[in-house]
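Over in Swiss-Prot, the protein carries these features:
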BINDING   Gly129, Thr130, His131, Gly132, Lys133, Thr134, Thr135  ATP binding site
Amino acid sequence: MTTEQKLQLAEIRTMIPEMRRVECIHFVGIGGAGMSGIAEVLLNEGYHISGSDVAENSVTVRLAEKGADIFFGHHASNVEKASVVVVSTAIDQANPEIVAAKENRIPVIRRAEMLAELMRYRHGIAVAGTHGKTTTTALTTQIYSEAGLDPTFVNGGLVKNAGTNARLGSSRFLIAEADESDASFLHLQPMVSIVTNIEADHMDTYGGDFEVLKQTFIDFLHNLPFYGQAVMCIDDDVVRELLPRVSRQVITYGFSDDADVRLINYRQEGQKSFFTVQRKDRTDLDIVLNIPGKHNALNATAAIAVATEEDVEDSAILSALLNFEGAGRRFDQLGEFETGNGHAMLVDDYGHHPTEVDVTIKAARAGWEDKRLVMIFQPHRYSRTRDLYDDFANVLDNVDVLIMLDVYSAGEKPIAGADGRALCRTIRARGKLDPIFVPTIDALPSVLANIIQNNDLVLTQGAGDVGKLAKQLASLELNIQAMKELG
């Protein structure tokens, strides 16, 4: 950090009141992406941070190195020094740390409440939507950083250029991913809100009623001040439908002819995307984006729309997108397999909704037309598999080889007929593809070793622990013999 940035940070800190009577902030489930990001920013602001999780990971190691007290396992004693306890909705209310905190009258708050506190005295930019939040947050962060604006950011995944998912910046800007999964994004009061798209997901939160979900997004946008800005993707049918109900200033973006910020002339070559962005009363931008897919071009256009409103220099926008390294587990190219007679490419992707899987397949096809596409898919949550069963079957039918794992439950109880084996039967019955069901992830390396061919593109897909498998394979330098031995 430069001397000038240190002075700017000092000035910002004088404007932001410290949280009174708060000395130690404890995070239950601190190893998660969303929780760890907030914890890291608060740690850098000078608060004493502690946290617990079930196991060590790279995030807990980094936080411990920065001075946080990390506990493994959940025990009442972990919150003895806490002034406030931060939890996510994934944490059971019977957790002994939550119980102990309530018994001792220690405030227990949701992670979004703490994020809202960070945003309260800053120029907040909140990125919401069913898909694309993490990448759009990373893209916006990259542009603002390239422009020298040094934003604070809190993302749901790794911002590769920064090497972290959160950082305390020296400016007034805070860029954050806004989570609709538990409706907690309603706590946020940003200056700018992006909505990338709206689809039926996390419907248990909304009582299974899509109208409730749509109204919640409207309520989120109405948390903007009257002088705030909503940036909305007009290509999305639901977003377009909601536009007349938004009583805030709106900028639309997309491929559509009537978009305020319009994307045209898209093409993809390998991992790079090329397109032009047209802006009202501004010079057109010829973009080279260093990640593939039309969906990512849309994500970048959202970031461009926000940056343009802030009068960020075009040169910074162009440079940031050209040099953008991506977001963690978003079409993450991890290396190559040695197949014995050549090589196969390994890509890891977090997408776990049919729409996300579909755009990932399309990006792979567009950039690597000559490769056979081998997908290892791990369904995420029984409820999502049940609710979107036919959509999953339709999308997964579009790869060349499908290896299906069982559902990553994320704490849910099994639902009959909503598992990996059932999906395999449904897809097989259609006659186009013969999926291979692998009941345990430990058995996958040896299965994979017998399937991979020269020039394949192997895609690990899902939000569960399939990503850990991808890293494990990459750490073995993706050697076929090593995979056979691992299996």
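Note: Cβ is positioned from N, Cα and C throughout, glycine not excepted.
In this structure, Thr135 (ATP binding site) is part of a helix by DSSP. Every protein chain shown contributes to the tally, and the Cβ of His131 (ATP binding site) ends up with 21 other Cβ atoms within 10 Å.
Burial estimate for the binding-site residues (Thr130, Thr134, Thr135): highest at Thr135, by number of other CB atoms within 10 Å. Other than the site residues Gly129, Thr130, His131, Gly132, Lys133, Thr134, Thr135, same-chain residues with C-beta atoms no more than 8 angstroms from the centre of those residues' C-beta atoms, the ATP site, are Val127, Thr136, Thr196, Asn197, Asn299. Cβ neighbour count for Gly132 (ATP binding site) (all protein chains, 10 Å cutoff from its Cβ): 25. Counting other Cβ atoms within 10 Å of each Cβ, the binding-site residues Gly129, Lys133 show the lowest value at Gly129. DSSP assigns Thr130 (ATP binding site) to coil in the three-state reduction, placing it in neither a helix nor a strand.
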